[in-house]
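Visitor: Before I ask anything, here is the structure I am working with.
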Amino acid sequence: MQVVTTIEEVRAARRQWAEVGFVPTMGFLHAGHLSLVQQSKAENGVAIASIFVNPTQFGPNEDFASYPRDTPRDLALLEAAGCDLVWMPSVEEIYPAGFSSYVEVEGVTAPLEGARRPGHFRGVATVVTKLFNVVQPTKAYFGQKDAQQTVVIRQFVRDLAMPVEVVIAPTIREADGLAMSSRNSYLNAEQRAAAPVLYRALTAAQTAYAAGQTDAEAIRQLMLETLAQEPLAQVDYVSIADPRSLQELTTIDQQGVLVSLAVRIGKTRLIDNLVM
């Protein structure tokens with residue numbers, strides 16, 4: 001496994017391969033990331049991963065400085081997963097002095113996470129565009145856990161005619177249903193025990209829908225009641241939305257509705273979703 005830091009090194013290595021799969025990460029890897037790397041390797045023959053904690057997608061009072069980092073562990077996990085090349089650029093490599101170009105996606109960035117994290121998706125869209133430009137992947141792999149992010153990425157890839165296939169893989173969960181996330185490491189034992197309430201709220205919604213409930217507001221209320229049973233859970237939002245436009249629904253009259261939520265447990269903000 002090669003480990004490189006510069007754009008030039010990535011481009012030089014990329015020339016030897018016809019097809020590559022790409023998994024962009026912010027490091028502190030878990031089984032969800034590694035499953036993407038394994039899928040990338042299986043489908044393309046070559047897997048490239050990046051590790052870059054992207055400062056432009058963090059707000060001024062968010063956790064950029066404290067975001068968990070463990071490079072030696074990450075590299076060992078990537079090698080074991082069959083990764084061929086790891087790109088670990090510096091902030092200066094991605095955003096050199098004088099950098100002043102950003103990718104702004106309208107519409108789908110407005111609700112949900114976008115409404116609560118101003119500038120977040122501008123940072124995501126800009127860095128992913130630059131990573132794609134450098135790596136030139138055949139396919140790029142993302143997890144369904146960051147549902148709005150997947151919609152945003154698919155939007156700009158389509159709008160800007162980027163020659164990459166975006167593959168969305170199912171959320172990988174702990175045994176108790178908690179979606180795997182690097183930020184789960186912030187939770188203490190009591191908070192970790194409370195965190196599966198997000199998945200319980202999602203499964204309550206799914207069960208109600210399967211039983212014939214199509215009133216979106218009734219399902220939102222059911223989710224809020226489920227979350228209210230956990231004293232440590234502070235609800236940011238619950239959403240039942242169209243999976244493409246991300247606009248809230250009043251009636252569920254279609255397959256593939258996106259049910260999502262954001263909840264604070266202590267100081268840690270967790271997100272999760274399912275498509276029903």
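Keep in mind that glycine also has a Cβ here, set from the backbone N, Cα and C atoms.
Keep in mind that this is a model prediction, so the values were computed, not measured.
Swiss-Prot lists His33 with the feature active site, proton donor. The annotation ATP binding site is assigned in Swiss-Prot to 26-33, 143-146, Ile172, 180-183 on the grounds of sequence analysis. Positions annotated as beta-alanine binding site by Swiss-Prot, on the basis of sequence analysis: Gln57. Residues or ranges marked as (R)-pantoate binding site in Swiss-Prot: Gln57, Gln149.
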Visitor: Please classify the secondary structure at Gln149 ((R)-pantoate binding site) using three-state DSSP.
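Guide: Where Gln149 ((R)-pantoate binding site) sits, the three-state DSSP reduction gives helix.
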Visitor: Check each residue in the chain of Met26 (ATP binding site) that is at least six apart in sequence and keep those whose C-beta is under 8 Å from its C-beta; list them in sequence order.
Guide: Ile51, Phe52, Val53, Asn54, Tyr67, Ser182
Visitor: Take the C-alpha atoms of Ile172 (ATP binding site) and Gln57 (beta-alanine binding site) and report the distance between them in angstrom, rounded.
Guide: 23
Visitor: Quick one: Cα separation, the residue listed as 'active site, proton donor' versus Gln149 ((R)-pantoate binding site), in Å?
Guide: 15
Visitor: Need the DSSP three-state call for Gln144 (ATP binding site) to compare against my parser.
Guide: coil
Visitor: Tell me, if you would, which residue among Leu29, Ile172 (binding-site residues) has the fewest other CB atoms within 10 Å in the structure shown?
Guide: Ile172
Visitor: Excluding near sequence neighbours, so keeping only residues 6 or more apart in the same chain, what lies with its CB under 8 A of Gln144 (ATP binding site)?
Guide: Thr150, Ile168, Ala169, Pro170, Thr171, Asn273, Val275
Visitor: Measure from the Cα of Gln149 ((R)-pantoate binding site) to the Cα of every one of the binding-site residues Leu29, Gly32, Gln57, then give the nearest.
Guide: Gln57
Visitor: Between Leu29 (ATP binding site) and the residue listed as 'beta-alanine binding site', how many Å separate their Cα atoms?
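Guide: Leu29 (ATP binding site) to the residue listed as 'beta-alanine binding site', Cα-Cα distance: 18 Å.
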Visitor: Around the C-beta of the residue listed as 'beta-alanine binding site', how many further C-beta atoms are within 10 angstroms, looking at every protein chain?
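Guide: There are 21 such Cβ atoms around the residue listed as 'beta-alanine binding site'.
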Visitor: Tell me the Cα distance separating the residue listed as 'beta-alanine binding site' from Gly32 (ATP binding site), rounded to the nearest angstrom.
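Guide: Here the two Cα atoms lie 21 Å apart.
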Visitor: If we count other C-beta atoms within 10 Å, could you say which of the binding-site residues Gln149, Ser182 has the fewest?
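Guide: Least crowded of the binding-site residues Gln149, Ser182, by Cβ count within 10 Å, is Ser182.
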Visitor: Work out the three-state DSSP category of the residue listed as 'beta-alanine binding site'.
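Guide: Helix, per DSSP.
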